[in-house]
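Encoded as structure tokens, the structure appears first; notes follow it.
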Amino acid sequence: MRRALFPGSFDPFHNGHLEVVERASKLFDEVVVAAMRNPQKAGPLFSLEERMDLVRLAVDGMQNVSVVALASLVVDLAREVEANVIVRGLRAVSDFEIELQMAQMNRELSGIDTLFVPTSSEYSYLSSKLIREVAAYGGNVSSLVPKAVDVALRERGRPS
Ligand code: ADP
């Protein structure tokens, strides 16, 4: 059984993330998407429960994908869910340096390897931060995020 763990903040989950999950789900028997309890970025827009629900709605219909919370080290969760590989998306060279460092650290800590999925150029400029910013000022992000995320962002409204 080949099981991959895809960790991230997913605040919110967008089409770049979805593409990584879709591609990983074809490469592995199972994919576990893990939403970080405490993203480093202060004050997430969506709570952990909301982020997990939005990921679940987005991956609905993908039989071999599940969603969990990440409250520990990624490598500890990987061991817990018996994942053989950590999956991360790569947008541009700018992602590479930090991702390589994390991959090497995780391998040192646990022996678990990281597989990088290069994003398609269609989504390579997407980040959760940018989506939050555009949506906060009423920009239309409907082509960049799953339907449920678009609805949730609209409900969240503009900052006062
Ligand atoms: P961000 O807040 O930067 O969008 P996350 O912490 O939620 O990102 O990222 C989780 C994973 O998703 C990381 O491996 C990140 O490189 C990847 N990722 C983020 N945006 C994209 C994208 N547009 N295409 C592919 N992978 C992405």
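Along the chain as shown, residues are numbered 1 onward.
Backbone N, Cα and C define each Cβ position, glycine as well.
Automated prediction, rather than curation, is the source of TrEMBL annotations.
These come from TrEMBL:
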type	residues	note
BINDING	SER9, PHE10, HIS17, GLY89, LEU90, ARG91, GLU99, TYR123, SER124, TYR125, LEU126, SER127, SER128, LYS129	ATP binding site
BINDING	SER9, LYS41, VAL74, ARG88	substrate binding site
DOMAIN	5-133	domain 'Cytidyltransferase-like'
SITE	HIS17	site 'Transition state stabilizer'
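For ARG88 (substrate binding site), the count of additional Cβ atoms within 10 Å of its Cβ stands at 21 [all protein chains shown]. Cβ packing within 10 Å was compared across the binding-site residues SER9, SER124, SER128, and the lowest neighbour count falls to SER124. In the three-state DSSP assignment, the secondary structure recorded for VAL74 (substrate binding site) is helix. Listed in sequence order, PHE96, GLU99, PHE116, VAL117, PRO118, THR119 are the same-chain residues six or more apart from LEU90 (ATP binding site) with CB atoms under 8 A from its CB.
According to its DSSP assignment, SER124 (ATP binding site) is coil.
Here the candidates are the binding-site residues HIS17, SER124, LEU126, SER128, and by Cα distance the one nearest VAL74 (substrate binding site) turns out to be HIS17. Candidate binding-site residues: SER9, HIS17, SER124. Nearest to ARG88 (substrate binding site) by Cα distance: HIS17. Neighbour list (HIS17 (ATP binding site), Cβ cut-off 8 Å, at least 6 residues apart, same chain): GLY8, PHE10, VAL55, GLY89.
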